[in-house]
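Chemist: Below is the structure I would like to discuss, written out as structure tokens.
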């Protein structure tokens, strides 16, 4: 313990803050608090401004209102007030460059063309609306044309495939009459008999062929096989038992 005390006593104590340093730290803290309070007051004023502007917007016949480019904090205030007021708020533009918020009435929500134009940085007015409407019509017409061309090509390909299949699997029709061709050699009746369509023999031996087909299901077939195996095993065991009984009788009769 004496050695530990001596080491602790030999160590330098942490430097004490002098009055000047304490005063500097205090001033910095007070300055930070003033800045935070100032930011809060500024945001409160901005929220009041947004509330008043959206209140006027709700009473007039405008479809939307635009705000100047703002940072993320101020845009979040706009979106919050818009949501509370039953409006639609959207932001367009590049962050830290021209990112701004646009607030719409729900009954005048922006269409696809307007959203695309604003995202492209073109803004929105009557001329831009006509331009984007024309672009959309041209795009839809091109898509419809491509779709029809693709459908026509697929139908043509299917028709060609079907025709080729019909040629491969179709019946071959003779160009001449077999009966008339060989009638002068084998006679009319023989030619007619030779040209008759061949029919499958329905009976083989004394039992019709349809009675020889196995109509059992796979499950029934497996069950029958297992039954046959069990029967053979039982017969084999019975035979073995008889043999053992005979051997036992023989050994008993022997002196």
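Quick reminder: no glycine exception, Cβ is built from N, Cα and C everywhere.
All TrEMBL annotations are machine predictions without curation.
Not measured: the values here are computed from a predicted model.
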Chemist: Which one of 96-134, 135-173 shows up in TrEMBL as region 'Disordered'?
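Modeler: Residues 135-173 are the ones TrEMBL records as region 'Disordered'.
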Chemist: For the feature region 'Disordered' as recorded in TrEMBL, pick the matching range from 175-195, 196-216.
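Modeler: Range annotated as region 'Disordered' by TrEMBL: 196-216.
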Chemist: Pick from 18-45, 46-73: which range does TrEMBL record as coiled coil?
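Modeler: Range annotated as coiled coil by TrEMBL: 18-45.
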